[in-house]
Amino acid sequence: MAPRKSVQSSGQQSGRRRPVQLDQPITEDLLKRLGVTIDPETLVLALTHRSYSYEQGGLPTNERLEFLGDSVLGVVVTDHLYRTYPDLPEGDLAKMRAAVVSTRALASVARTIGVGPAVLLGEGERRTRGADKDSILADTMEALIGATYMDQGLPAAHDLVHRLIIPLLADKLAMGAGTDWKTYIQEAAANGGLGAIEYRMESAGPDHDKVFTATLLVGGTPYATGTGPSKKEAERQAAAHSWDRVSAAAQGAAAGTEAATGA
């Protein structure tokens, strides 16, 4: 039987400790999904969680690469938003950026490309399914962006973010994982003078397994519904589904007011 292939790091930053080995099929698949090449030592560093480092006697962790990747991600997303939405005010741009760089959004991307199985975790984290924790997945995703920047430069990191992260801006529900849609609705309704906001709630199912359905009304006009295991989630879903229509109505009302004032 052929020996199992592995990706090794020399560990030169950590003295004479034994080389860290990664599962080659898993990491090759991950790099293919990332669409980049990263040298083995930098890749090992990007995938080394502090729990693994502690158990191995203090190996370097991915936290510095995470710090770097967070900054690269922020710059690329901010640049895209600034160029793509020239008429949006700073506050709206900041909310959109916060949505796509949120822990939940990054963890979702990490799950899609198979980051979890590749992360080097300590025994305790492995027992508690650390490879599927949002915080660990999001941090590792940022570390991989940082590793791409260090190994391949800004253009490669820019392309990676545009391929994997920027598309979240077009996905209202994915973006909603980090977005306060109810606040968006309140602000739009107030700016457009659309009237009071109301969520009409219905529920179905037994007490231990209820499903809630919320309908959003603005100024008495129903917009959309949302469902969820809690009233809060149902209202959030209703607000997310209603956003496009409420935003358009608010903009139309504001334009009409400006025209009337100008006349």
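Cβ atoms are placed via backbone N, Cα and C, with glycine included.
Same-site candidate for Mg(2+) binding, as annotated by TrEMBL with Asp139, Glu142, chosen from Glu55, Glu63, Glu66: Glu66. Sorting the domain 'DRBM' (180-248) by DSSP state (H, G, I as helix; E, B as strand; all else coil) yields 33 helix, 24 strand, 12 coil. Note on the domain 'RNase III' (27-153): DSSP counts are 96 helix, 2 strand, 29 coil.
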